[in-house]
Amino acid sequence: MHLPKGASGFVGNVRVPWNEKVPYKFIVDGKWVIRNDRPTEFDGAGNLNNVLIAPSKPIPIMEHPSTTVPQGPTDSMISTTTLPEESLLSSESSPQNALAADQQD
């Protein structure tokens, strides 16, 4: 893959499989080179390569929305309306009273 030169150096994007070890090298001025500041290992033929160990695929967390507790504000958080506690717990409250209390908030 040819890496075009950008403002901060040569840049490119490559898709790699989850949870795989990916050996790589660069060709610079016609010579195979590695980066000394990245992990390396020898292949079966005795060649030294850089290696990237891709992370495992994240496991989606499926939670019921009522059990999710936000850890802090984010750009994607949506405001929600909840009923006052007394409307939820009082045996004297009717559904109409709870609805009216919710509409006042």
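Cβ atoms here come from the backbone N, Cα and C positions, even for glycine.
All TrEMBL annotations are machine predictions without curation.
Copied over from TrEMBL:
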type	residues	note
DOMAIN	23-52	domain 'AMP-activated protein kinase glycogen-binding'
REGION	59-105	region 'Disordered'
COMPBIAS	65-78	compositional bias 'Polar residues'
COMPBIAS	79-95	compositional bias 'Low complexity'
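Note on the domain 'AMP-activated protein kinase glycogen-binding' (23-52): DSSP counts are 0 helix, 16 strand, 14 coil.
In this model, the domain 'AMP-activated protein kinase glycogen-binding' (23-52) carries an average pLDDT of 95.
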